[in-house]
């Protein structure tokens, strides 16, 4: 049954799902029109919101571009390629490859979402290289399906924000400790269930041998060696460019800073620390500054989609927040809920909002001020209410192509190649989220 559903979804998506840039443009227009219809905003005020928000994610866009290029450059170093090859060698058949990539991506995203997105896609590509008969789009989809675990992991935006002083709802409910969110029984159940169950779900998505998509071999070719051999009479400038001493000095600075950071902040991994770790590790493993720069240049081609689309989603987010549309959607679901159904209703409201605001932090700003007071009034569990917002966002990412962009950029595929599999994963993983929110 799962195989038939995934084949239907793949055919449907291939026919109807546009490029992610077109998807973002259509969402912009849809948000604009619905906000005019349901809120007292005027066309002029909506245009101003969109324009004011358009550049609000520049810093975040730069962070995401860096995590792609630094992660890609790190994986193209000889030691990391060797590690990925060793891990990928555990898969002997296409079925084992699919299950291994799903498991690997799920665990990696629990550790850190940025790390999981990038390394999961690279691992999927390595499995495709080593296992003949693999369906490459399915393997990349499996890496992205691992993203289902991120919101309940150590880098989940909402549980961390809810426990951080100064967050948007602290004045309403105080701080909500991670013991009530990340380390709660329901979150452990949901996260472990996703890690264990989803490999078996993706296993059943395997296409028939006659339907396996053949991929251009160029996509699976090993990257060229970025090292440069200098002639004996090379000028001082070139010797400096290929100097290992300079790399070691900068690497030592980065390691020293990271040691101080973790000693002060504990296991608080942010996107900035991931980028710094990727950059320093990549620099050291490529050995010379220019070898690393050549690896970065080869990776930079993958960032085009993110650089163009981030401003559109920034504009959509501000329209959702300032027009009150996000609050209206949240209130609709809250008004039909009681104490027992409140977490599930919050989950579905978050999933709907995620189409327009695919950002964990953005969800907390939009939904937190509505969800937390309602949870208090109904006597619902505050920690579960926070995580319901997070779960809705991470669940609907399977139908929202925005966060698939890093994996697709690394893989050299388009969104239509993987989204049929991802939507199938959305349908079956939803049961796990609802059970966890209802029974615990």
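Our numbering is plain: 1 for the first residue shown, then up by one each step along the chain.
Just so it is clear, glycine is given a Cβ too, placed from its N, Cα and C backbone atoms.
Both residue 88 and residue 244 are recorded in Swiss-Prot on the same side of the membrane. Of all ranges given (181-201, 202-222), Swiss-Prot attaches the label transmembrane segment to 181-201. Among the residue ranges 374-394, 395-415, the one that Swiss-Prot annotates as transmembrane segment is 395-415. Below 8 angstroms of C-beta separation, residues 2, 5-14, 137-138, 141-142, 144-145, 148, 184-187, 189-190, 193-194, 197-198, 201-202, 205, 340, 343-344, 347, 384, 387-388, 391, 395-396, 398-399, 404 of the same chain, each at least six residues beyond the ends of the transmembrane segment (420-440), sit close to that stretch. Helix, strand and coil content of the topological domain 'Cytoplasmic' (41-53), in residues and according to DSSP, is 11 helix, 0 strand, 2 coil. At the 8 Å Cβ cutoff, the transmembrane segment (266-286) and the transmembrane segment (54-74) share at least 3 close pairs (sequence separation 6 or more) and count as touching. Long-range contacts of the transmembrane segment (314-334) within the same chain: residues 24, 27-28, 31-32, 34-35, 38-39, 41, 45-46, 49-57, 342, 345-346, 348-349, 352-353, 356-357, 359, 362, 365-367, 369-371, 374, each at least 6 residues beyond the stretch ends and with a Cβ under 8 Å from a Cβ of the stretch.
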